[in-house]
Amino acid sequence: MDPSTQAELNLKRAVTLLASLSVSLVSGTNYVVAAYAPQLAKELHLSGTEINIVAAAGNLGVYSVGPLWGLIVDSRGPKLNLLSAAVLLLVGYSGIRAFFIKAIPYTGSGSLIILSLASFLTGAGSGAGLSGGLNSVAKSFPDATRATATGVVLAGYGLSAFLFSSISHVFFPGDTSSFLLLLSWGCFIPCFVGIFIIQPVIPPVHSPAYNACESGWNRIDGTDLNHVAGPSEDSMNYADQHSSSLSSSLDEDQWDRENRQLVPTSPIRELSHLLNADDTPNYHTYSNGTREQGLEGGERGKKSKSVAILDEYPAGSAKTPGSIASLHEPLSLVISRGSVRSFLPHEVDLNGWALLQEMDFWLLTSIVCLLSGTGICWINNCGLTTLALISEGGRLCDSEELIRLQATQVSVISIWNCIGRISIGISSDLAKKNFRIRRIHFLSLISFVFLISQLVLLFTQKAEYLWITSSLLGLAYGGMFGLCPVVCLEWFGMANFSLNWGFVSMAPIVGSNLTNLVYGRVYDSHTLGKIFTRSTLIINKIFHMTTAAGGGLGIDEAHSCLLGRKCYAATFYLTSVLCILALFLSVFAGYRREIKSKRRAAAAAIAAERHRERELERSRSRSKSRARVRSTVADERESLLGQTGV
């Protein structure tokens, strides 16, 4: 590619990245719910369970519609997603604000459904915006920098809450109505502008980032299959020298219908037979670097049941362990050095029913479910937790101080969420490239940080120290959602990435709803309305103390909890158990990839050995044929000489 074309390509990528970042910055406002939820609960007299239902509806909107947005963006591009995001976010936040300012009266359960629907729309809009931007960036950048680029977009998503809460604190301090108005139009404008800017920038086939020879598309563990020709170290390209002599021994499916020259794929075909269907798809490799999925049961284009291990070592890397560049090495040495080269995302397409049959899919989904349930529970309820600690024992609570502490939690979570999303992309790229560490292993570290955050929370007794939990959880939560989309892309392919990730990202629906409802139930069970009757003298005295001049608790007396950690502790014992389970599954997932990697290494080595043996046999046959020809020529020559009497 000439420099001018490359520069133009890089400029388009940069524009797409920046525009996608701006959209992601307004698509993460679902995380800012803790900044206005206590005030909304106070204004509408909502219980802890009811405000959690409203917050959970937003989470449901983000994750339940994910597969739909993924299907749309994979098939029709990002524009429809961005338009939907702009409209849904505007309508959703406007609806919540209408309830807050009493433009729509809150009258009971029917109003709760409408309010929850408005929250659902904000979540659906957030998911639409993020999927549009993330899909475009993932398709625009090569494998070497894809995790970093997507990490930047996901970091903007995590930073969204901090951005909006900071703007509100500076320009609209204590004004929740103006804050909701800011959310309405502040989300609409970037998404609407993005419709005209954001588009995938697909590099041409001959681009260095995707070139067959440089990217390793024709390689097993860095070894060009085009050159696995024979025993001689200086042998020439196998296809150029022997394609005609071997054409009869190769399947017809290995030759292009337009008679383009194809590279024989004997080791790949051997590998596909030596591994089961869960390890590798069957692909043919053309000399021009393109691929076509092979026949399965006589049907061209039938989807492979499963997918290869993708997050292995960088294709074509000189440091790739298990390289079989020299086919004269013992099999034991090849196997012991590592695994075969992983297939690139463009080489794999796993979706639909085949995806649901994958154990790896359910492992990843389960981990996301457990960890997101823990994270979202804190994100949605850090405001109520702050309220419980600051008002323990009926202490007077200044409303401005309460809002400041709640905003602090939102900002800290958002900042560390952003840091987690960026750092996990960069660190996983570097670890994979330089140290051959698979990305899946970072998930164990993330699960461990989640667990530490919950243990710290259980021992925190003052609201001023909740920022420690918010920092740890924000970092882990951002790392999880920065890493898992890339793992999903590597494991299940690029073609249906957004759809596949949409299925995985439905997992938080289960996890978040479970933990949010448990939190609401636990909190409500310790409120004054449950401990005492509204007619007793003591509740009136406590209510009078906690709503003295200058501010109150933020929720009416029946929904106030004055027991400190007891208001929520049981919930976070549960989330700690969930984190332990997620840690176990993460370690198992990493171990599983290592085992499959060694199986692939062994199969690749055996395939290469068989290929070498066939080449040696062919070489011997050719030598014998040439010897017979020379012998025949010599005999005929002697016969002619004898007949002439010479």
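Just so you know, glycine gets a Cβ as well, placed from its N, Cα and C.
Here's what TrEMBL has on this protein:
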type	residues	note
COMPBIAS	282-291	compositional bias 'Polar residues'
COMPBIAS	610-620	compositional bias 'Basic and acidic residues'
REGION	224-255	region 'Disordered'
REGION	279-301	region 'Disordered'
REGION	610-646	region 'Disordered'
TRANSMEM	53-73	transmembrane segment
TRANSMEM	80-100	transmembrane segment
TRANSMEM	112-137	transmembrane segment
TRANSMEM	149-172	transmembrane segment
TRANSMEM	178-198	transmembrane segment
TRANSMEM	440-459	transmembrane segment
TRANSMEM	465-489	transmembrane segment
TRANSMEM	501-519	transmembrane segment
TRANSMEM	572-591	transmembrane segment
*asked:* Short question: most Cβ pairs under 8 Å with the transmembrane segment (149-172), which of 53-73, 80-100, 112-137, 465-489, 572-591?
replied: 465-489
*Beyond the flanks of the transmembrane segment (178-198) by 6 or more, those residues with Cβ under 8 Å of it*: 15-16, 19-20, 22-23, 25-27, 29, 32, 35-36, 78-79, 82-83, 85-87, 89-90, 93-94, 96-97, 100, 125, 129, 132-133, 136, 164, 167-168, 171-172
*Near the transmembrane segment (440-459), which residues from the same chain, at least 6 beyond its ends, have a CB less than 8 A from one of its CBs?*
311, 367, 371, 374-375, 378, 424, 427-428, 431, 466, 468-469, 472-473, 475-477, 479-480, 483-484, 487, 565, 569, 572-573, 575-576, 579-580, 582-583, 585-587, 589-590, 593
*Would you mind listing the long-range same-chain contacts of the transmembrane segment (53-73), meaning Cβ under 8 Å and 6+ residues beyond its ends?*
30, 33, 37, 40, 46, 80-81, 84, 112, 115-117, 119-128, 131-132, 135, 376, 380-381, 496-503, 505-509, 512-513, 516-517, 520
*Intrachain residues whose Cβ lies under 8 Å of the transmembrane segment (501-519), provided they are six or more past its termini*: 48-49, 52-53, 55-56, 59-60, 62-64, 66-71, 127, 131, 355, 361, 364-366, 368-374, 376-377, 380-381, 384, 484-485, 488-489, 568, 570-571, 574-575, 578
_Long-range Cβ neighbours of the transmembrane segment (572-591) (under 8 Å; 6 or more residues past either end)_ = 360, 363-364, 366-367, 370-371, 373-374, 377-378, 438, 440-441, 443-444, 446-448, 450-451, 454-455, 457-458, 511, 515, 518
*For the region 'Disordered' (610-646), give the DSSP counts of helix residues, strand residues and coil residues.*
35 helix, 0 strand, 2 coil
